[in-house]
Amino acid sequence: MQKYIVEARSLLALAIPVVIAQLSQTAMGVVDTIMAGSVSATDMAAVAVGTSIWLPAILFGHGLLLALTPTVAQLNGSGRRSQIAHQVRQGFWLALCVSVLIMLVLYNSDHVIKQMDNIDPVLAQKAVGFLHAIMWGVPGYLFFQVLRNQCEGLSKTKPGMVIGFVGLLVNIPINYIFIYGKFGAPALGGVGCGVATASVYWVMFLMMRWYVTRARSQQDIKLEKGFAAPDWQVMKRLSGLGLPVALALFFEVTLFAVVALLVSPLGIVAVAGHQIALNFSSLMFMLPMSLSVAATIRVGFRLGQGAVEQAQVAAYTSMAVGLLLASVTAVFTIVFREHIALLYNKTPEVVTMASHLMLLAALYQLSDAVQVIGSGVLRGYKDTRSIFFITFTAYWLLGLPSGYLLGLTDYILPAMGPAGFWIGFIIGLTAAAILMVLRIRWLQKQPTAFILQRAAH
């Protein structure tokens, strides 16, 4: 029992800074929305529309680079720290390549926005302007993620927390300057949020670069040692590890976007109630998501040491801690669901709808915790292809169709509206959780040599 308690402490020590970093990132989006909304409803809507395109695009790049965390963790655990710098340099090349692709997508976003039904021309123009501004921050964000993944692979999660919080503080005055046109800058409204966010990402990258070159714990990792040409073999291997994770993230984000579109014809009350339940669940999701990062680090480090049994301890401890935390947040959601809904909106019908959906959201949190931490464990084992197949099957072949049938048709039960889609979420996430656990158990039953060879690849 003692080994599980010790492991739980190590996991929480890694996870807590990740939670704070994620809260800072989320708060940046909230600040953008509030400050753009103070100019006009059109500017606020433009930021929302722009973000709906920006988020899947940047999360694809983010997911691709997550391959670095288990790679660095295993090199660190096996005492091969001298090889880390080369992997990270290739991570920068990979980030540069995917930055170009994402920037091209964002630059041509006007074609997507103009296809939206009945969109106001002024809103469309502002949304495109927001995307054309924020796209210049793509390399800065992805370069920052490369160095953050290096630090997290070395079990250093606090730098990401501190720099993320500083980024939030820097974002507010830069927003103020470019949204309202202060100190000689043009008043750009919602477009100014894009300028500010792009600037902040470059500031965060430069701060992280400064940290890794001066941190005593990383003095042996010489990133700046001469020019490093692309190593296509390493980049191919990192892409092979990261692409399934990137696609899984992309499918998850687009699933929620599709459900939002399917709910929208059901009326303002249904949309508002669904959005409140989803927004609050997203906040609660940060806890298991941070444990997922910690699980990747701990499992990867233990496999690097050749300690297969300790990797199992890390895997099961992370899921047990995640389930415990999810149980607490689920009870909190059930008990305070009406109070939570009132924080978002005071309309009685909306509060009633949101409160009803939050009962389902409480169940959703349990399955969500297991599947996201299971995903982190599998990343630690470098078994990322299974993550893609599991999430695609669970979300798009089980969750969405069942949600559609329950929410909008009478084939099984009378149409349930948004509640039907939430039951679909629960079905999909529960399936993902079960499949993740089964895959982890299958992996752990393999011969030690097979597990270590796979992890060392």
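Any Cβ shown, glycine's included, is placed from N, Cα and C.
Remember, it's a predicted structure, so these values are computed and weren't measured experimentally.
What Swiss-Prot annotates here:
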- 11-31: transmembrane segment (TRANSMEM)
- 46-66: transmembrane segment (TRANSMEM)
- 93-113: transmembrane segment (TRANSMEM)
- 127-147: transmembrane segment (TRANSMEM)
- 160-180: transmembrane segment (TRANSMEM)
- 188-208: transmembrane segment (TRANSMEM)
- 243-263: transmembrane segment (TRANSMEM)
- 283-301: transmembrane segment (TRANSMEM)
- 316-336: transmembrane segment (TRANSMEM)
- 357-377: transmembrane segment (TRANSMEM)
- 387-407: transmembrane segment (TRANSMEM)
- 418-438: transmembrane segment (TRANSMEM)
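Proximity of the transmembrane segment (283-301) to the transmembrane segment (11-31) is established through 3 or more Cβ-Cβ distances under 8 Å for residue pairs spaced 6 or more apart. Across 11-31, 93-113, 188-208, 357-377, 387-407, the stretch most heavily in contact with the transmembrane segment (160-180), judged by Cβ pairs under 8 Å, is 188-208. Sequence-distant neighbours of the transmembrane segment (46-66) (same chain, 6+ residues past either end, Cβ-Cβ under 8 Å): 29, 32-33, 36, 91, 94-95, 98-99, 102, 105-106, 109, 112-113, 116, 119, 123-124, 126-131, 134, 138, 141-142, 145-146, 149, 189-191, 193-194, 239, 242-243, 245-250, 253-254, 257, 296, 379.
A contact between the transmembrane segment (316-336) and the transmembrane segment (357-377) is present, since 3 or more of their C-beta pairs, 6 or more residues apart, lie under 8 Å. Sequence-distant contacts of the transmembrane segment (11-31) (same chain, at least 6 residues past either end, Cβ-Cβ under 8 Å): 51, 152, 155, 157-158, 160-161, 163-165, 167-168, 171-172, 175, 197, 200, 282-283, 286-287, 289-291, 293-295, 297-298, 314, 317-318, 321.
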